[in-house]
Structure formats: C-alpha cells, structure tokens
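Annotated in TrEMBL:
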{"type": "BINDING", "residues": "D:THR64, D:ASP139, D:GLU205, D:LYS235, D:ASP239", "note": "substrate binding site"}
{"type": "BINDING", "residues": "D:206-208, D:271-276, D:GLU292, D:348-350, D:ASN397, D:HIS404", "note": "NAD(+) binding site"}
{"type": "DOMAIN", "residues": "D:240-403", "note": "domain 'S-adenosyl-L-homocysteine hydrolase NAD binding'"}
4 protein chains.
Amino acid sequence: MALLVEKTTSGREYKVKDMSQADFGRLEIELAEVEMPGLMACRTEFGPSQPFKGAKITGSLHMTIQTAVLIETLTALGAEVRWCSCNIFSTQDHAAAAIARDSAAVFAWKGETLQEYWWCTERALDWGRGGGPDLIVDDGGDATLLIHEGVKAEEEFAKNGTIPDPTSTDNPEFQLVLTIIKESLKTDPLKYTKMKERLVGVSEETTTGVKRLYQMQANGTLLFPAINVNDSVTKSKFDNLYGCRHSLPDGLMRATDVMIAGKVAFIAGYGDVGKGCAAAMKQAGARVIVSEIDPICALQATMEGLQVLPLEDVVSDVDIFVTTTGNKDIIMVDHMRKMKNNAIVCNIGHFDNEIDMHGLETFPGVKRITIKPQTDRWVFPDTKSGIIVLAEGRLMNLGCATGHPSFVMSCSFTNQVIAQLELWNEKSSGKYEKKVYVLPKHLDEKVAALHLGKLGAKLTKLSKDQADYISIPVEGPYKPAHYRY
Amino acid sequence: MALLVEKTTSGREYKVKDMSQADFGRLEIELAEVEMPGLMACRTEFGPSQPFKGAKITGSLHMTIQTAVLIETLTALGAEVRWCSCNIFSTQDHAAAAIARDSAAVFAWKGETLQEYWWCTERALDWGRGGGPDLIVDDGGDATLLIHEGVKAEEEFAKNGTIPDPTSTDNPEFQLVLTIIKESLKTDPLKYTKMKERLVGVSEETTTGVKRLYQMQANGTLLFPAINVNDSVTKSKFDNLYGCRHSLPDGLMRATDVMIAGKVAFIAGYGDVGKGCAAAMKQAGARVIVSEIDPICALQATMEGLQVLPLEDVVSDVDIFVTTTGNKDIIMVDHMRKMKNNAIVCNIGHFDNEIDMHGLETFPGVKRITIKPQTDRWVFPDTKSGIIVLAEGRLMNLGCATGHPSFVMSCSFTNQVIAQLELWNEKSSGKYEKKVYVLPKHLDEKVAALHLGKLGAKLTKLSKDQADYISIPVEGPYKPAHYRY
Amino acid sequence: MALLVEKTTSGREYKVKDMSQADFGRLEIELAEVEMPGLMACRTEFGPSQPFKGAKITGSLHMTIQTAVLIETLTALGAEVRWCSCNIFSTQDHAAAAIARDSAAVFAWKGETLQEYWWCTERALDWGRGGGPDLIVDDGGDATLLIHEGVKAEEEFAKNGTIPDPTSTDNPEFQLVLTIIKESLKTDPLKYTKMKERLVGVSEETTTGVKRLYQMQANGTLLFPAINVNDSVTKSKFDNLYGCRHSLPDGLMRATDVMIAGKVAFIAGYGDVGKGCAAAMKQAGARVIVSEIDPICALQATMEGLQVLPLEDVVSDVDIFVTTTGNKDIIMVDHMRKMKNNAIVCNIGHFDNEIDMHGLETFPGVKRITIKPQTDRWVFPDTKSGIIVLAEGRLMNLGCATGHPSFVMSCSFTNQVIAQLELWNEKSSGKYEKKVYVLPKHLDEKVAALHLGKLGAKLTKLSKDQADYISIPVEGPYKPAHYRY
Amino acid sequence: MALLVEKTTSGREYKVKDMSQADFGRLEIELAEVEMPGLMACRTEFGPSQPFKGAKITGSLHMTIQTAVLIETLTALGAEVRWCSCNIFSTQDHAAAAIARDSAAVFAWKGETLQEYWWCTERALDWGRGGGPDLIVDDGGDATLLIHEGVKAEEEFAKNGTIPDPTSTDNPEFQLVLTIIKESLKTDPLKYTKMKERLVGVSEETTTGVKRLYQMQANGTLLFPAINVNDSVTKSKFDNLYGCRHSLPDGLMRATDVMIAGKVAFIAGYGDVGKGCAAAMKQAGARVIVSEIDPICALQATMEGLQVLPLEDVVSDVDIFVTTTGNKDIIMVDHMRKMKNNAIVCNIGHFDNEIDMHGLETFPGVKRITIKPQTDRWVFPDTKSGIIVLAEGRLMNLGCATGHPSFVMSCSFTNQVIAQLELWNEKSSGKYEKKVYVLPKHLDEKVAALHLGKLGAKLTKLSKDQADYISIPVEGPYKPAHYRY
C-alpha cells in the first residue's frame, strides 16, 4: 500500500482501504446512533451553540463505527477533526470510508504495518502550516508519546545537535518513532515544540495511556493538561467490564467458532477487563481459572466461584487463554509449548507483549498456518501440536470482532466529548495545569443518566428531607469521591 | 447463477459458489475435527471394516464445516455421498468447496433462491441411472417430502394421467416442488417410485422433520423406515439447548453488533431451543420475557426468574425478538408496526413463517434497506420507524453466523452416523418397518461417553452391588426410557 | 416417649410432640395456603361435590406445614385422614399439632427413633375394626412395604405356620418391620390381607418408592394399583430440581452458617436433585464438582461449566459434600478420613445409606460432638481432624431446614390430590389394574396452569390454525409423551 | 428483665440471656475459628508480643459467634474487653454466654428493648473508676454518639447548668440517650469528658457510622481519631456485597420458608449491599426490580439485566421488598397498603427507619399477628390483606438469621484488629489527629492475602521486570488509591 495521502472532492485528506464502502459504513453509523444516546444527547444539548467552533481535534483511537459517531458528534459541535487508529487491526474499513467521505480526515485501515501505523499517526497530527491540533483524543497514548518524544529530541537537537538514533533501541516500534522524529528534525526542528505549545490538552481513553500520563506527571515531564477519561466510573466500570463481557465471546466465536461451553478458560488478571471476561466465559458454560498478583482481586474471584491459580499450575489443562493484565510477558513461548493441541491464545488487555509473540515467531522450526486473517495456527516442530493465536497477540475483540458494542462505547465517548469540552472551554482560564485530571463526579453521573432512558430505566427521586438526612444534594453528586461502585 | 452441474477432474459432480475457497475450508475442517471427538471415534472404531461399502447416501442438511466432518466420516466408513443444504442461507461456501473438491458431490451455496434450493435437492437425490440413494440424512424433511410427493404424483399419474398443478397451491415453495415433479413425470414417470423402492431408510435431524414423519406414520403414508435422531437425548437436549445458547448471541453480534446487556429480549417459545436462547440472553445481561402456550414450560420459565407474557402485552417494550416455537404466525406484521425503532426480529426455531415475512414484504409502502447480507432494516412508511430483520426470517444462527459450534454438532452427528449404520446393517433383517424409531438408550449413552474425554470429564464407576441395589446393569443403560434429563 | 395414642376432645387419635404448638402451626399453615395455589384451587373446584365422601386415606409423608395443607385439602374434599411421617427427622411439630387438633389423626414428631417410626406407620394404617385405609399417599413406599411384607408373611403363615424371624436380617430397620408383623400375626393373622383387599390404590411421591413399585410390578407381586406421582413433570422437574435448589443452601445455612461462596462443593449425582443442588451451589459462589455414572448426565454437567470427576480424585479438596444419587455407599468412611478438617457431609437424595453412617459410627475411636440437633462433628482419633455430618446422613433439607418451600410442594401435592381422586373415582371401573400408572399429560399441564397466576405469568393462546399446523389440540396436551422438558 | 449486672466466679461483669448456652456457644466459636483465617493469623502473628497489653477496649457491635472470635482475638493479643451489641435483635445468646463466661464482659441479648439497649451500651463503656475505654470498636456509631452527646451536654452544663431535656425530641431513641446523660450528669458531671480524654480512638465498622464520623469531621466536632474500617476494600466490597448475598436469602428462608424462585423481588438501592441482595434474588430464580437515585448505580443494574423503576410504579406487583439504601422513609405505610397480600417487607441496609415502622404501627385499626419472633403479619383493617414484616424493620439478616457468615466477617474483623493495633501503637506518636482515616492499601491487601489459602487460591508472583514495567513494587500495593475493584 503506497503511503500517499488522497483527497476527497471537497479537498479533505484521507487514506483508507476502500472508499466504496462508505455507504455501508453510513448505514451502520445510523444504526449505531440509535444505540449511542449519550452522544446524541450531546449533539442536541451542545450542537446549537457550536462550542468547538475553531477547534482542531486530532484523534488516535480505534477507527470503528462507534468512533465514527464520536467524530461526528465532535464535528456537530463545531470541531475540525483528523483521525487515525490506535491499533493496526482495529479499523473498520467501512467506518473509515464513511467518515473520510463525509466528516473528517481519516488515516486508518485494518491490517496496517507498524510503519504504516506511525505514518497514519503523524498524518493525523499534521494540521499543515498552523502546526498541530488544539486538542487530542488519545487511546493508549501514542499520539501523546510522539509529541513528547519529538519535543525531547528537538530540545536535545537545539542543545547539542544530537539526532535520535533508531538503532539505540531493541524495540522495533520505538525505532519507528525515532525514525519519524529524525526525519522531521530535518524539515522542521521545532515541529513538535510548536505542536505542544498550541495544544490545549489531551483526553486519554485507557489504563495504559493513563499510566503513562501519571508517570510523566510524577516525573515532571508532562507537557500539557490531560483528562483521564479511563477512570470515570462510566468508562472503566462499563466499557472495560461490560464491553469485554460482550466482545470476548464475540471475538472467540468469529475467529474460531469454538464451543465455549464445557471448556476450561484461563483469564490472566481479574481487574475490570478480567472480571468481564471471566463473567462471559462462566456464563457461556466454561470452567474459569483466574490468575492474579493482587490478593484483593484474587479474593473477589474466589467469591464468584472461580479458581485462582498461576498459569504454570494449569497450562496443560486449559482450552482458552485470555490475557487482561496490562502487563507484559504473561504467556511465554515456553507456556505455549505445554498447551493442549489447538488451545486458543488471545489478548484483550493491552499491547501484544502480554503474549510472547516475539518468542513464538522466532521459535526454531515453528510453522504458522493462517486459517483466516487474525486467526493463526502455530505448530511446534517437535510435538506437531499447535496453538491458535488470535489477532497476532493484539486486542482480539478489535482484531477478530468489532470491538465493544455501541451502547457501552456511548458511555465512554460521552465522557470524551465532555472532557474535550471542558479542556476547550477552560483553555484560557488556567483551571487546568500540566497535570492529569479526572472528570468531576456530577459529570460522571450525567453520562450515566443520559443512557438510562434508552433502557427504560427510571430513577427514584430523593426528597429534600432524605437528601439532608444523608447530607447530599438532591441533585447529586450522590457518592463520595472514593466510592467504588 | 446458471444451474449447471460442474465436475471435478476426478469426475465428481458439484455446484458450489467458489472452488478456490477449498483450502480455507480444509483448514477449518481440520480445526473442527479436533472439536468433534464423537465423529472421529466413529472413524477409528468403524473405519477399518468399511461398513458403508456400497452404500449411496444423500444428505439434505446445512452444508457447514461441521457437516463436512460428518460427510467425511460417512465416506471414511465406505459410503458414497451426495449432499445439498436444507436452508438457502446456511451453506458455508468454503466448506462446500472443500467437500466438493475432496470427498463428495455437493450442490449448495449461501444465498440460494428457492428455485435453486429445490434444484440442489433434486441433484443430491439423483444418483443417475441406478436410481436414488440407499440412505438419506435429512434435516427438516425436504428430501423425504420430495420423494413422498413424487411417489404420490406418480401413482396419480399411473392411475389417471393426472399431472400436478403448481397453481393449485398458494405456497410458493410447494409450487416449486410440484413443478419439479411435473417435469420429472415427463422424463421418467417412475423416478420417485424407483427411488423409494431402493431406499433403506432415512435418519431425520430436527423437530420439524420428525413431526412430519410421525404424521405420515399416523396416516399410514410413510414409505420407508425412519430413525428420529432429533429425540436422542444427546441431540435434542444438547444441540437444541446448548447449541442455540451459543449461536443466538453469535448471530446477533455478527449481524448487528448490538449490546445485549440492558436490553429486553422476548423469546417466543420455551422448549429446548427457547431455553437455550433465554439462558443466553439472560447471561448476557438482558431482561428476558418468554411467551408460551404450554403451562409446564411456562412454569419452568418462571422458576428461572423469567417473565411469561403474551407478545401483545409487551411488543412495544422489547429490543430483541426471537422465535423458537416451531409453529407459524408468531410475529405478525401488525406486531412489527408497534415495535420500537430498530427492534431486532429473528427466528432460530423453524421455517421463515414463524415471522410474517410475507406480510412485511407486502406491506404497502414498506422500504427495505439492506445493511449487509442477512441484515435488513425495514422502514414503515407512516412512522418512519424501522425494524431489523435477520436472515430474512430464516434460521438466524445459520444465516448470520456459522450455526452451532462443532462440539455440540459432534453429538448430533454421531447420532446420525450410528443411525445410518443401524439402518444399513439391518437393511435385510426386517428389524425396521415403515415406522419412526428412536435410537436405543445405550447408543445415546455411548454418544455422550465419546464426548467426555475431550472435556476432561471422568465418570464414576458403579459397583456390582450398587447396580443391583438400583436394579440396573453396571454398564448401563442407566435410566428408564421415560427419564427426562 | 411412651408410645401411647392420645385423643383430642373430639375423639381423634394422635401422637405428637407438643399440642401447644398448634396455634403456631395454624398461623404457618395459613401463610402456606397463600403459596399453594394448586391445592387451594382443588378445594374451590372439588370441595363442593365432596368427592372423597366416605374415603379413608392414610398418608406416610413428611409431616410438614405443606403436608398440612395437603391433608386439609383431602379433608376439604370429604376424606377422613390418618397420617405419619416418612422420615424420622422431617416432622415439623407445630404442623403436626395443628393437624392433630383440627383435622386428622397424626402420629409424627421430629426425632423419632426407628422403632417409634414404625409404630407411627402402623398407627396411621390402623383404621380400627373396618380394616385399613381405602387409599394411601406414600413417600418412599414404607406404608406400601409394610402391607406387602405383611401379606407375604400372612400367606406363609397360612400355608405352613411360619412366623417371620427378625434375626434373619442384618438390616436393623427391616428387623423392626418383621417384628411388627410377627406381633400382628398373633392378634390378627389376616390383618394385612384384609387391608390390601380393601385398598383401592396408592399414589407414590418419590423416585425411591416408585422404583420399588416398578420392581414389584415386574415381579408380579404388586398387590394394588399405583399412581407414580413422582414422574409427573410438575413433580420430578419441579420439586426435585427447584425444591432442592432452594432447600440445600437453606439446610446448609441453618445447620452450619458456613459461607458457601469460595468453597468447593461436590455433588454426587446429576439427576434432577443433583442439578438443583449444583445450580444452588454455583449460584452461591461455590466451585462445583459433580460425580456421575451416566455419561449423558455427565455431559450435561460439563455444558454448565461444572467439573466431572470421581470422588476419589478430589476428596481432599472439597469443603461441602452432597449426595443426591438415590443409591447406596456413595461416601464411605474411608473417604471421610481423607477429608479436610470440618468438611461438611450431607445427603439430600435418599436414605441414610448414601453416606456410610454405619462405618462412621463404628469407626474405632471416633468421637461424636453434637453441635446442635442434626449437626454433628465427628472427630477421627488419629488425625484429630473432624467432619461435620448433617441430619445423621438423612435428608438434610428436612432434618436441618423445613424441606421444600410451599410453592413447589403445591405442584407435587396437587398431583397427589388429582391422583387420589383418579384412583377413588375409578375404584369400580376397572380402569386401573395392579400396575403402576403415570398421570395423563393433560392433568400434568393442568397442575402447572393452576400455579401460573400466582406468579403473574400469562399464557399465549394457540389459534386453531396454528394448532392444526402442528397437529395438536388447541387446549392441549401440547407435547408428546416422550417430551423431556 | 431486671437490669442488674451479674458477675462470673472470676468477677467478670455480664448480663446475658442464658449462661447455660455457653457450651453450645463455645462449640460454634470453635467451628467459626476454622472459617476465620484472618483473625487466627493475627493471633499467630501478634499474640506472642501481646501488643494490647494494658489496653481497655469497648465494643458496640452485633454480639454474634463471629464477633466472639474477634473479641477473643483482641484478648489473645492482650486486651481487656467489654462488649455490647449495636442492634436489639442481633445478639446470638449462646455466643454472648460463651464470651461472658470465658473472655470478656458482655451486656447483650437477643430482643432487647431500646431502653435495655442503651443500658447495655452504657455498661460496655463503663470501666469503673479509671473512666472509659482506651479504644472503641463501633458499628453504626452509637457508642461514639453517646460520648459526643455526653461531652456536649457536660460542656453546656458546665457553662450554664443546662440539663438535657428528653422531651425536646420526638425521636424515642434519642430521648433515651438524653435521659442517660441527664442521669449521669447528676452523679458525675465530667463522666464523658474524662472518657473522651482517655480515648485513643475508634474504629468504625459501617457506612452509617462512617457517615456520622465524616460529618463530625466536617463540622469540627470529632473528639478523637477514627479509622474508617468500612471503606477498606476487604470490608465494603466483601462483607456488604458477599455477606448480604449470603444472608438475605438465609434470613428470608428462616423467617418465612417462602420459595424465592418465580417471585418478584424489589431491592431499594443498588450500592454494595443492594448489589449483593439483587444477585442473591436473581440467582435464586426471582425476577428483580431495583430502585436507585444514583444514575451510575442504576446503569450498573441495567447491565445485569435488572429492571430499574421507582417503588411507586411496581408496588402492587412485588412479592419481596428489601431496603438497602442507608436512607430513611423508603417504604412508607401508604406503599404497604397497596402491596399484595402477604408481601414480605424487610430491611438489610440500615436503621429501622428505612421502613416506615412508625406509620405502620400507628395505622388506625392495623392488626399485628406474630407468626414467630421477628416474623409479623400486619393486617390492614379495610382490605383484610396483610404484609409480613421481618425483624420489626431492623436488619433482617441479623434478626431472622445469624448475620453474615464467618468467612466474610473474618475479612471485616481482621481490618478491625489491624485498625485497633494501628491506633494503639500510634497512641503517642501524633500520627492520628481528630480525623477520619482509612487503612493504607498494603494492609488492605494483607487482609485479603490472609484469606486466600483457606480457599485454595494461589497468587501469581510479579517479576521485578514486570513490576518495573507497570511501575509498582513487586510486593505491592498493586493499585492506585482510587482503584475501584
């Protein structure tokens, strides 16, 4: 795929797989809108006043149908938008086509190479002469990372002419980042510096990206304000939990058609994602074993009737392995060699380093048989026994299915819209420093409230007398900040 | 699609969508074999003695990957096989291609017209000069129906020269059946009569086909012995229940990506299929309402916390409608007009007449928007509100997903192999008259036993003393015939 | 407790624990009536015509509050009733007192010795001069057994003067039966012969009693017609399954207060009772392991995510052991010695020989510590480790809690009323021979229908056209006899 | 019951129901110890060093078997203890007897009047001449309240001789508090002042008590340091959630024997307690309707398939009403009048004012029929229809059953022991000011870890490399403070 930017008749830039899928994408976007009441309510409430008038927003977030509804909510509120995906497999090509044709600049397709991925990220950040975006919607923090690394390199370059050396790292992905920056130094040695100066802030979608932000805050290296959307209750306790409860079995079924009932499923990690995955497997009739490092989460698992054991103890008994830890080196190639024939191995947590893909790919004599895209059987030479790896170790719900369903993404993305509005409205007030913030609870509660009507749920109203009795306002927020839901 | 039979280089007849998908089909067949221990055990136990040597078997049953493993089990036991699908949407084209290339004559593709469907059925029954098949594997009874109707017409024709009149019926599908027979009368007025004379018997897969057989038995019109595979415990209590529990959400997710959690699901019918569907929806976080005519099944539903109400009472509150009744006229167009916008309507029970597709299609001004194949949005002219109909009202798990998973189909299909063996082995013994038979319990228990090892289950052994105490043989059968499981 | 019959002021015979509890019993009976719509509907429908006018009914069935409502339904329909319990621990003394005071002759108390138990049975069968009862409601078949053994002995005695020898058997309970008969031979050598001649028939409540009846039928020794109530769908699939799902945790909690969540529960047997028990333990957060001899039931367990393993493989890992097999010698003292300290061992299936109580009681040096009635800790001398045995190995839900709840017993007992009516109405018609019968399906469906209104369930009505389409009557029965629900 | 303190032969003061139940209590305490690994581990770890040597601890917390194990853990660590219950129905008399005989001064019995209740509280706080206790274990905050009110009154009295006027309040319970203080002013006008001066701190068990503490902190009136045990994860997310999931059905079954399956249950509030209750009812086969004021909790309920509606909308359809809100005036007498006959009404959340007991008791013509202690049927005069109220509106799991099971209380109480140790060890360090504190996360994780072994759970160990990757210590704590579990 030649990496050339294309343009619509209206002049909008894009690079997608197949523009002819735009009509199909539009139909699915229209279906999704009915399932995304929070976003549609934002259009109704804020659309008339065009609060994002003049704002340039770059997004780096799975380019799916649901994201399309997010993007068109941002544009409905007045923003100009450029978008890339944050995962090489997660783009839905028809969604990308519809948005590119109708609403925003998109650089994304399903099955990017890593090099293509970073090219797309760079394109999404490139607003031409005017510099970078005003706001970033980030997922996993790659757009934020690129700017931070760019600024660091530009400072070094300014100081002593140092140019980043891609061979200085073993990490092939980070080599690409350094290469991009190295190239941009040649054409514009202040590209990222100008970008960060313009930037009002970022709202970050996931645990992994949020962790990076808190580390930068702790190190004093964070370059602009950030809103941690991940830790809104209506995000982390909904999308992570209920989203994965839906999309893990979806991905398994689409990729392998395997019967889940009767099988033994191993879930590495029992955080929100692991809880959703374990619930899904248990409900589908599997026997579930969980691994945990955290004794509290482990004890929660036991209370649900799940067995808690380390991978080593059960690796030969399990049919379906799922990583949800957000950490690395969870399932190593040595584990894989001990697995049952045709055991399924997949990741729904984090990057592809939860599973030792590198160890697998480089195992002497290993044979890869692609059943269909994102479903590979890897056969070990000695045993002739194989395992089935989904989405090359990357997020299987996005690689093998269509990610989380619209309704739960509406919760997450309504938080994003509110966070972006907050950053933009307060851009000159000084309210937000170069720190990481969580949305206030009343906005979190508002996001939830916007989703109840669609499900026929009706709230009970607190009387003034009752509100006084428990010392909270009648209209909320109803819980203290530390409340765990 | 021109209806011309093609031939492989080895001379085997076929008509499939795309022969180039044969390799992909083969890979998925190999995966499925690992999940179908009952069929593989049959190959090991019976393969060496080639019990089907000389037997010609016609199958009319969804041409899926799982069916491919059934077909190749039959051929591994010595049979010659011709196959068609029993549903216009249920063929998996890669499975059909692999079988056509490697193992048996196949006439099937996804998305047949009704006319193509009956052409395929006729092809599968046509063994050339020698007449028809020795044995039939039937699903829904269409192959059996064609022979019975053919024989009836030939008898009429012999008696008084009457030729069937396709315009004598309103049912468009039955018009096609009569047309086929009318044509065959011209070329061979004893075609079906010779066929039924050769025929050793049929083994029938589903409730609907079994009902037809018992009616013919009751009317004294059944022309050959039949084994009712559907009512083996390891079929009806597994495939219907656990199969649908798996494939209903699978079909919903592939067709619509809709979030099931939080929705209201209406399941018409609480038989085995309905029980599986209700369980699946409940587990996925939906609120489930069931309708039933049978007070016993209705009371079972209440014991699981499900609401039992007629469709009329709740039609405007439901998000997902699923018919599982095996009856007709369950959801009528007048119901559909009262539904929520984008309510999903689908059938997993029986023919497409559970849902009033005819009423919908002919509703004045209704507009059909095809989101993607088997997912249509129908918009009513007055309200501009639409509903989403899956698989054109036909079996949604086969039309929108890949049907039941391999493991549970292995239970059903091992019953099929055993039934076919039984009919063939007893073809001259007179054991089977022109009646409907169920497999004896010890064979049913054997089918189950063949599937336990794969799941790591280990049986407890009865001692002689214990067996005597409850008056059963140590080696089973363990239950009386009327036991309900 | 001196075994003397007492009399109410109205002359009714009884022997209960404490007549002062009658008021409390009456209050609970009134509560239960609201929960037993089937029985109350029988009173409304049949009460006015007094169909049991002149009928003498003996019952041998757990003397609980629910049974009290059954008894008073029988008397409301005109019967005279005498009652005993069919289990030494299952009587609720307040229920016995209320019935004894108000409605029927009762001989039952919680904690009978075996000798007292058989004395009570004899009393319940003794209708004075007129001989025995017209009808028997039996549970487990002890009343039926006594008559059959009595008749056999009387025949032997008439033939050759042989008198039964209680020392001829090791079984202590059967010794008591022989002793009773030996005594009665002295006073009336035709007592049981006359009894069986008068007897119209018996309706039997449970699997165990039904098995005995079918054996007698097979052996040609059955002395009178029997209706197998157990195998009505509305009995075996409700009381066994949903009843035990309710009463197993109830019994465990009342007896031990142990937290079920997080524990490992072992369920021996996965029939209807086992299915209910396993569901209850899984839902309460336990990890469940099932043992089975029957591969079909075993495969069902795997489909629900349960592990299937023999007791030997897991005996040291389990916290709660439950026997549901209806067989003997399931948990032996050698198993018990290998259990965890304070493992709970109980039986909800059948007689106290599912658990090797004899082996435990006679184990050298074992120490019994009674925590409270029906909750004993047994300590082994070598390990100082103990196990907790509930209800001395007898039915723990009746011994440690109050048995099944009223609603599900209303299903069972409505079958009993209908069976008794059927036997009585047909007493002279010759319809019933000395065989075992099941109630016809339309009566089974009627029982279910009587229970739907209480739960707010509303049936869907079949149209004539639909009924014809599936060839069943509009008003049912809706399913073939072999249908498994 | 005459309110006279009694003394054991060893001189320990007590007032319990029946000292002869001490042996029974001891047996159950020994059983509970096996289920309370956290407390037993504290005895092993801290017992030898006697850290509580010289500490006088007053407890006001349900005097159950589990609390007995807590008390004896405190005494095993060197403390002297005086105890009362914090609920008039929650004492288990055999537990109280065993502790009074063997370990600590106890003033508690099941079924205290309110006057007796406050007398007991006063006794537990009265350490004789030396003044009050060094430490308080409080549950609901009544002991803390009494001291704060006492100090306030003493200050008023010192200032201007004002004596509290019990008639100044409508609240009958607060009248009793004022009366007690009024009396004490006569004998020692500095009693509570001296008490608060000696006091090192309080550890508080529940939401209600914690709310009071935070209010006092906010108002600046808190007189001593407080540790909020309730908000340890291993407390609020275990005891509230899993404890109630266990004890709600337990209480319902013991009190009413009602079948839960098939019923409609209404759960007011979907916090941790409500979540546990809703899960329990759903699992038992009820249909569950939830009411909520908080949109986030409401949305969580919908994701589990629960209906969310205000009480008004469903009051006539519900069979079982459960309040879990921690607020007042949830179910009013006007609601009760609209309920079905024999609807069950109970509270598991908070005080008896969640249910309008006052309105019920004073409703003209209402009739109370006590079925058994803590189970009352209230009949309205106009309709003759009745409702069943459990535990007089107080905590039904403690009033009608035995409260939470030992294992989950071991989590809560291990937090209590650790909190008490923390307060005592830091009594002179100034670490704790007059504020409310939560235990640090590593102690919370420790509590969980102490409970895993008993359940056979085994943790996975983080490698140094992995720990660095996610920037946490290998040995924990593993989560940020705001993590919600």
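Note that Cβ sites are derived from N, Cα and C of the backbone, with glycine treated the same way.
Unlike curated records, TrEMBL annotations are generated automatically.
Where TrEMBL records a feature, it is marked here on the structure.
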residue	record	DSSP class
D:THR64	substrate binding site	coil
D:GLU205	substrate binding site	coil
D:LYS235	substrate binding site	helix
D:ASP272	NAD(+) binding site	helix
D:ILE348	NAD(+) binding site	coil
D:HIS404	NAD(+) binding site	coil
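Here the CA atom of D:ASP139 (substrate binding site) lies 14 Å from the CA atom of D:HIS404 (NAD(+) binding site). Between the farthest pair of Cα atoms in the substrate binding residues (D:THR64, D:ASP139, D:GLU205, D:LYS235, D:ASP239), the distance is 17 Å. The DSSP secondary structure for D:ASP139 (substrate binding site) is coil.
The sparsest Cβ neighbourhood within 10 Å, among the listed binding-site residues (D:GLY274, D:GLY276), is found at D:GLY276.
Neighbour counts of Cβ atoms within 10 Å were compared across the binding-site residues D:THR64, D:THR206, D:THR208; the minimum falls on D:THR208. The Cβ of D:ASP272 (NAD(+) binding site) lies under 8 Å from the Cβ of D:SER236, D:LYS237, D:ASN240, D:LEU241, D:CYS244, each on the same chain and at least six residues away in sequence.
A Cα-Cα distance of 15 Å separates D:GLU205 (substrate binding site) from D:ILE348 (NAD(+) binding site). For D:HIS350 (NAD(+) binding site) paired with D:ASP139 (substrate binding site), the C-alpha to C-alpha distance reads 11 Å. Checking the binding-site residues (D:THR64, D:ASP139, D:LYS235, D:ASP239) against D:THR208 (NAD(+) binding site) with a 10 Å Cα-Cα cut-off leaves D:ASP139.
The distance from the Cα of D:GLY276 (NAD(+) binding site) to the Cα of D:LYS235 (substrate binding site) comes to 13 Å. The distance from the Cα of D:GLY274 (NAD(+) binding site) to the Cα of D:ASP139 (substrate binding site) comes to 19 Å. A Cα-Cα distance of 12 Å separates D:ASP239 (substrate binding site) from D:ILE348 (NAD(+) binding site).
D:ASP139 (substrate binding site) and D:THR206 (NAD(+) binding site) are 6 Å apart (CA-CA, integer value). When the binding-site residues D:LYS235, D:HIS350, D:HIS404 are compared by the number of other CB atoms within 10 angstroms of each CB, D:HIS350 has the fewest.
A gap of 15 Å separates the Cα atoms of D:ASP139 (substrate binding site) and D:ILE348 (NAD(+) binding site). Taking a C-beta cut-off of under 8 Å and a sequence gap of six or more, D:ILE348 (NAD(+) binding site) has these contacts in its own chain: D:CYS244, D:SER247, D:LEU248, D:GLY251, D:VAL273, D:CYS277, D:VAL322, D:THR323, D:THR324, D:LEU395, D:MET396, D:ASN397. Cβ neighbours within 10 Å of D:GLU205 (substrate binding site), excluding its own Cβ and spanning all shown chains: 27.
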